[in-house]
Every structure is written in structure tokens, then in C-alpha cells.
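The structure appears right after this line, and notes come after that.
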Amino acid sequence: MSSPSKRREMDLMKLMMSDYKVEMINDGMQEFYVEFNGPKDSPYHGGVWKIRVELPDAYPYKSPSIGFINKIYHPNVDEMSGSVCLDVINQTWSPMFDLVNVFEVFLPQLLLYPNPSDPLNGEAAALMMRDRAAYDQKVKEYCEKYAKPEDIGAKAEDMSSDEELSEDEFAASDDDEIAGKADP
């Protein structure tokens, strides 16, 4: 088996050679963004998200950390932090999986088959269980508001806010936002 750093490099190259747009965050190969499109046959179809991926030093033996940068309405995604509750990534990760699996299998499955019984977004979970049509409509509204292709280039704070904030208001709201984030 190759070393974790060599495997990380190979998996990243494989992802970049597929149809995904990858943007490196730093000079290393451990943090990057991937452009992800909502799957067909789901209310997320037509939405485009910027996904932050962090590969731990022990990757592929330890799972990557995955988070949505622009807002998404989903029972298993924390609306404030964008962190994902996905068993295969968080608990059942195997070195047999790679980054392409994450974007071609795991995330599409998450969006196609939400699990409202294990929520990070309780409001989305409750709405999904109570009224699936209203849930699907709210998902589509979020897609239209936060997940258009042009939103991918916007700064994270612009995408996670319902309204435009002045610089002073944004600075004043930083403390509240940090206090509201869930622990990973």
C-alpha cells in the first residue's frame, strides 16, 4: 500500500481528472473546494454547491471532513456550519473509498435519501416528516437563493446570510455566529 501522502495525491488527481472543478485552498493537498451539482430526480437538481474538503494526515485510513460552503436545506447538514452528518464518511469510512466515491456516490445518496431520524437540522427533518411537498419546496427555494452557479464564487459569509450586511453589522454579528456553530 502506498503512503497516505501519495494516496492523497493520487485521489486528488483522480478527482481533478473527473468532471469536478477543484480549487486548492493552500499550497498543500489537504484542503480544497469541489464544485458539486445537485443530483437529478431530487429537489436539489439545478443547485450548485461549493464543498470544502479537508483530508486528515492519516487519509485514506481516516475519513475526509466534508462541509457545504453555501447554504443547503437538508436534515443531515447543519445550516450554520455546513457540516455533514453522513455515516459512511463519519463512522464507516474505509481506505477502499476515495474522493470520487464521496462526490459520485455518498453526497448524491445523502441528497436523494435524507435521514430525518438523525438530524443536524431539526427544522428540516421535522418539515420533511410532516409535509414532504413543503420540504421539497423549501429545498428548491434554498437552491434558488443560495445555490446558483454564480453563488459558487461568492464569499462564504455572503452565502450564509439572508440579507446583505454592512461591514460594521457583519463584524458585530461574528461573535453570535461563532457561538451558534455546532461542534464537529
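Backbone N, Cα and C define each Cβ position, glycine as well.
Small disclaimer: the values here were computed from a predicted structure and weren't measured.
Under the heading domain 'UBC core', TrEMBL lists 1-148.
Cβ neighbours of CYS85 (active site, glycyl thioester intermediate) (same chain, under 8 Å, six or more residues apart in sequence): ASN76, VAL77, ASP78, ASN115, ASP118, PRO119, LEU120. Per TrEMBL, the feature active site, glycyl thioester intermediate maps to CYS85.
Residues annotated as region 'Disordered' in TrEMBL: 153-184.
Here TrEMBL flags 159-177 as compositional bias 'Acidic residues'.
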(message) Just to be sure I understand, if DSSP states are collapsed into helix, strand and coil, how many residues of the domain 'UBC core' (1-148) fall in each?
(response) 56 helix, 24 strand, 68 coil
